[in-house]
């Protein structure tokens, strides 16, 4: 290998920005592959060209195609120089993605022409396989013939080295999403069909994410902001509200310098902790648009995110009205009483309406114009603040009558302590705290930030620091140069040493710091600049809220958390502006402006913001507590316990500001949380709620494993041999009825008859049917296995199903109705499964319906699953199921054909109609009736426990338990009293106890004859043949019934026939019969005879459940 070939063009450190790269090669790149197409495309090299290249001594280097850092860094190399032209026939050349160096490469005569650039990143040979998927093209990887090799670390391989593009979720401007070679492509045998392409590492996108990806891919020249313009400016403008100019001096007058600084510090602590938490979440992965909603929903899940997102967007919309009304009130006050259009309230409404229309125009014009307006407003605001501080150093004689004397130690000392007049510390704090909010103004436009992970932490925390220092500076300077009380009379301005005494004794005084809200305007160097600052503060806050609300609401609607709001998800223009959201926000703001009285709504809005802060803090604590490997924020300056303290502080401040508003906020959040939880939106964001649930489940499972089982805590944990969960609905529904919220239920499915088991399909089916169970609110786990036969698969499940103490203890089977129709070796396998369950110390339960259990052969059953999957947004289609009718030995054959929505099904025949109705009988509420318990043999109490659990459920609560036991005729009353005493000690309600004294009576002759006729084909009849022949036949057909065996168990056979007669006599109208399962000694009773006993016992009856526990007590009367 030449030196040139081993040193292909590497990614340069000073590569062009990714946006530029995509824009540059957009014309050369064909559209990305669709799921039905190959992810790899190749360019066929003509035979002559291949021969000419092979003649070149430097062909190994000349055919190298430069590799971009935007694709898998694989090297496409030609064949070795020694390879002849004949061997190059039909080969493929790999052509990589276009990259910035492509233009240079194209100039070289060795490089491929520009028009040949393809989306290829590997080599393959293509064959058309006419499979059941409909003749699609599939690709076989051939590393031995007819391909040029890919080279990684100098070796021929299609294995890819780590690359950022493999981990992307969208084709956003940050770069293309590529799909690494799948494990199947690297690992499968060469003659095996590779699996269908899919998303790797669970990166399948939700519809909302796909839409975002499409919009991102289409947008060119999008305006993105840095951390200063995008976050710092917005946060500072939002935090510096009108409170700075109008209320700060009043707060100092009430609380004094020391407590005012404490108030500012407390508010800053809350906002700083929230800022740290916001920074931690924002740096734990790529942040899209949506601000607080996005951060909370992706961390805590859609329930919290959806509830907070809605009220946060609404709070921002109403905040627009609050700020605009504040602006309008200031304008009306400045105009004075001489300039009135109608009256004061209507003037506020008119000015507010005009103002909000102008703000809407700026917002709709685009984020760029809005950002320019914010910069202008910030300049005005900063000028006003400097103007105030400059004014404090310029004492003016005329201002002394109004209380301003310049900096003086005695004034500072006098104002150091509080002087509350009708207020308390917390009431003053509640008035100031809204001035500290607004720290999420930058995060709310996260989708418009060039680098949210850098911008949000840096801009937010710096804004909190700067604004906090300015608030402290204003508090100290105001208290140091202005007295609390002034008369406004020039003659009252006496010498400084008598000032405080004079002001306190003056009866006719103005209250300066206490109520004169224009103190800062009076103190400043030039008063109108302060007025401009007030205008700037109100308008900038209104503008920020007017932009934040639609952005947050758009992100909420894109995720489709609330059905019906998706119309507001649509964006317009290159910046994906939510114009519909702007209109909605404008309408809400205008409605509250027209009210013009916002004193009641203001505390609710503040509480809405605080609820968002509390949840952001709680998100960090929750994510840290869950200890998920995915929680890896690059911002390290946070602590889970500090974040928890921040969440508690936010909740405390909510009640300090206004207790009834806090209660109302919590009620609204709780209501929305319950609604979203009930709707169960089809999203999966890998939230910390999922991580903590896993962590707790793992911890509790391990803890449970260290505790010995106790009889009081016994619960039936069932391994139910359902096959596909939707193929035996009656079996699934009945077991679910007594295990739901009580015990474990595992749906076992044994797939047999596969020469080459496809484990990928097994995994896919497991996920699909688990979703089906959840969709049907069946609390169970689906566990399929591949096995040689049914018995082996059952043994696998009996041994391995479950985890720790969460392991099955009861095997549940459907009765094998067709046992006489098929191969008797299937019966041998079926009975062996029952024997195996007892060998593993499991209980055994068999359900029989006279109509049968298996409905998978009825057309449309699999469509039911398909339709439910489609309704939940699933992309895959359920496979068709073809099983033999009523066969419990589930040898379901998986059809390789994907089913599509069928045409209307044909009318069912009578038997299928009855079967379908019977399969749904346990889904309906059972009316008044009975559950008859034939507790003939003591198995530890499972036969009694199951009906008790069943009748505790809502569907079965109207059914009464009747108990039937065996006894002697001369002891019937005694046996009944003994059983009643036992049941009362077990605290199990019953309606009646029947003692059967005639169990051992001989059955009717016709029934005995019918039984003998039934077993006739399965008898060995060893007396009629040679001993060797009989033994050979028994070895080959172990299920056959010997004459000796039949005679030995004659009494037991008669008992089963007699019990069937008694069942028909006493329980023919029961909703369900629960009966002790007869046992057969392993090795002594043939499977045909045992099966015949079960048939004779349970035929022509209502639904019957044959139960046998493992003879360990499951009931106790001890406390």
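Glycine is no exception: its Cβ is also placed from the backbone N, Cα and C atoms.
Among the features that TrEMBL reports, region 'Disordered' is placed at 1-86 (among others).
The compositional bias 'Low complexity' annotation in TrEMBL covers 1-18 (among others).
Taken from TrEMBL, the feature compositional bias 'Polar residues' applies to 58-67 (among others).
Residues or ranges marked as region 'Disordered' by TrEMBL: 105-138 (among others).
Positions annotated as compositional bias 'Low complexity' by TrEMBL: 105-116 (among others).
Look at TrEMBL and you will find 117-135 (among others) tagged as compositional bias 'Polar residues'.
Under the heading domain 'Amino acid permease N-terminal', TrEMBL lists 142-195.
Residues or ranges marked as domain 'Amino acid permease/ SLC12A' by TrEMBL: 230-719.
The transmembrane segment feature in TrEMBL is assigned to 231-251 (among others). Here the transmembrane segment (231-251) has long-range neighbours at 225, 260, 263, 271, 323, 326, 330, 371, 374-375, 377-378, 381, 384-385, 428, 431-432, 434-439, 441-443, 445, 449, 455-456, 458-460, 462-464, 466-467, 470-471, 474-475, 478, 482, 513-521, 530, 533-534, 536-538, 540-541, 544-545, meaning same-chain residues at least 6 beyond its ends whose C-beta is under 8 angstroms from one of its own.
The annotation transmembrane segment is assigned in TrEMBL to 257-287 (among others). Panel annotation: around the transmembrane segment (257-287), residues 169, 174, 239, 251, 294-295, 298-299, 412, 415-418, 425, 428-429, 432-433, 435-437, 439-440, 443, 446, 449, 452-453, 456-457, 460-461, 464, 468, 471-472, 475-476, 479-480, 613, 616-617, 619-620, 623, 630-635, 637-638, 642-643, 645-646, 649-650, 653 of the same chain, lying at least six beyond its termini, place a Cβ under 8 Å from a Cβ of the stretch.
Marked as transmembrane segment by TrEMBL: 308-328 (among others).
Sequence annotations record features per position, and here TrEMBL assigns transmembrane segment to 348-368 (among others).
Annotation source TrEMBL lists transmembrane segment at 375-396 (among others).
Among residues of the same chain six or more beyond the transmembrane segment (424-443), those with a C-beta under 8 A of the stretch's C-beta atoms are 230-232, 234-235, 237-239, 241, 243-244, 247, 251, 254-255, 259, 263-264, 266-268, 270-271, 274-275, 278, 282, 291-292, 295, 418, 449, 452, 455-456, 459-460, 463-464, 467, 471, 541, 544, 548, 602-603, 606, 609-610, 612-613, 653, 656-658. Annotated transmembrane segment per TrEMBL: 424-443 (among others), in sequence order.
According to TrEMBL, the transmembrane segment annotation covers 455-474 (among others). Long-range Cβ contacts of the transmembrane segment (455-474) within its own chain (Cβ-Cβ under 8 Å, at least 6 residues beyond either end) map to 225-228, 230-232, 234-236, 239-240, 244, 248, 261, 264-265, 268, 271-272, 275-276, 278-279, 282-283, 287, 385, 388-389, 435-436, 439-440, 442-443, 446, 449, 520, 635.
Annotation source TrEMBL lists transmembrane segment at 526-549 (among others). When Cβ-Cβ distances below 8 Å are used as the criterion, the transmembrane segment (526-549) is approached by residues 234, 237-238, 240-242, 244-246, 291, 313-314, 316-317, 319-320, 323-324, 326-327, 330-331, 334, 355-356, 359-360, 362-363, 367, 370, 373-374, 377-378, 380-381, 383-385, 387-388, 391, 438, 440-441, 444-445, 518, 520, 581-582, 585-586, 589 of the same chain, each at least six residues removed from its ends.
Scored by C-beta pairs under 8 angstroms, the transmembrane segment (348-368) has its highest count with 308-328, from the stretches 308-328, 375-396, 637-655. The highest tally of CB pairs under 8 A with the transmembrane segment (308-328), across 375-396, 608-625, 637-655, is held by 608-625.
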